[in-house]
Amino acid sequence: MFTRSAVRALTSQSRLFSTTVARQTKVAVLGAGGGIGQPLSLLLKSDPLVTSLSLYDIRGAPGVAADVSHVDSASEVTGYAADKLDEALEGVQVVVIPAGVPRKPGMTRDDLFNTNASIVRDLASAIGRVSPTAHILVISNPVNSTVPIVASTLAKAGVYNPSRVFGVTTLDVVRAARFTAGIAGVHPNDASITVVGGHSGATIVPLLSQSKYGQGIKGEVYDKLVHRIQFGGDEVVKAKDGAGSATLSMAYAGAKFTHALLRGLNGEKGVITPTFVQSPLYKDQGIDFFSSNVELGVNGVEKIYPLGPLSAEEEKLMEACLPELKKNIEKGKAFVESS
Ligand code: NAI
């Protein structure tokens with residue numbers, strides 16, 4: 001007999017991972033020793049679509065790997081110390097990057113730029129050299145700038161393929177579903193919300209009008225919900241009181257997005273989720289990267305969906321989003337140009 005908590009764990013695992021037949025997929029986590037990296041590594045170890053897991057960090061990855069490797073799923077786990085980045089990247093199809101510093105109370109994601117820009121640039125440069133065809137999933141903030149940094153670094157090396165670089169905005173989608181479901185009194189699975197734009201404050205635009213349970217939310221409740229989706233990360237930063245930002249919910253979101261990509265890479269059709277990618281949607285306004293619904297397939301990005309009809313409130317949110325997003329993207333590109 002399963003205990004009640006075992007049943008709960010199994011139920012939540014089957015919600016996170018569908019059990020499609022696995023092909024050989026080697027996934028690397030860069031920053032595996034951190035607050036996100038550790039639980040993310042554990043969740044990826046439980047993903048049946050991951051057959052080999054390569055854990056790298058400038059500190060602590062071999063320990064995390066030894067620990068996680070005892071979990072009784074089929075995948076092999078190897079940990080790599082600071083001087084073993086190239087070995088960690090050998091033969092990987094998917095690289096997830098949660099390396100870098102997190103926020104402290106009072107900081108915006110952009111305040112992390114100075115430290116994280118060079119970390120992400122150097123990791124992207126190693127990926128371009130060792131595993132240039134890998135799909136790269138960027139978690140390190142500020143995502144609005146770190147994704148352009150990865151793209152520009154790979155372009156400089158002559159190996160950039162826009163179908164293979166993703167900013168992970170899944171936590172915004174997860175929060176939107178959870179918070180909306182709480183207001184509507186339904187299960188979060190029934191309250192999925194498309195979140196578009198970027199991944200920081202005003203650049204996060206939830207399209208509540210397109211959701212059955214979101215469209216009825218109006219007035220002050222609507223304003224508060226939008227604010228909570230946009231600034232939900234601050235609640236965690238404040239509650240952790242100097243000990244970092246979201247790690248557990250982010251690990252869940254990172255594993256969820258990785259699993260969606262692996263389903264697409266395995267040939268499953270109709271895997272659609274928002275992610276921050278090189279996008280034609282606002283290119284005429286000088287915005288090269290944007291998050292909207294993307295179909296994931298054997299080549300990574302298969303199809304980028306337009307936003308669809310927006311309410312008057314959402315048009316206003318987009319007006320606030322676009323100029324800030326443009327600035328963030330340009331900052332990332334300029335950093336690589338001047339490197
Ligand atoms: P953390 O400080 O707990 O862990 C970061 C890890 O990166 C550390 O283990 C550190 O040793 C490692 N690291 C630093 N430089 C490295 C390098 N050059 N190569 C490999 N590893 C390196 O931070 P935490 O909480 O795990 O956050 C990581 C990043 O994720 C932060 O930038 C944070 O802002 C971001 N984040 C992104 C979210 C999103 O929705 N995309 C949500 C929450 C956080």
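The backbone N, Cα and C atoms fix where each Cβ goes, and this holds for glycine too.
Matching Asp47, Asp57, Asp234 to the NAD(+) binding residues that TrEMBL gives (Gly31, Ala32, Gly33, Gly34, Gly35, Ile36, Gly37, Asn116, Ile139, Ser140, Asn141, Met250) identifies Asp57.
By a simple count of nearby Cβ atoms, those within 10 Å, the most crowded of the binding-site residues Asn116, Ser140, Asn141 is Ser140. Each of the recorded positions Arg103, Arg109, His199 was scored by the other Cβ atoms within 10 Å of its Cβ; the lowest score goes to Arg103. With helix defined as DSSP H, G or I and strand as E or B, the domain 'Lactate/malate dehydrogenase N-terminal' (25-167) counts 64 helix, 26 strand, 53 coil. Here the CA atom of Arg103 (substrate binding site) lies 16 Å from the CA atom of Gly31 (NAD(+) binding site). There are 23 other Cβ atoms within 10 Å of the Cβ belonging to Met250 (NAD(+) binding site). Here is what falls inside 10 Å of the CA of Asn116 (NAD(+) binding site) among the binding-site residues Arg103, Asn141, Arg175: Asn141.
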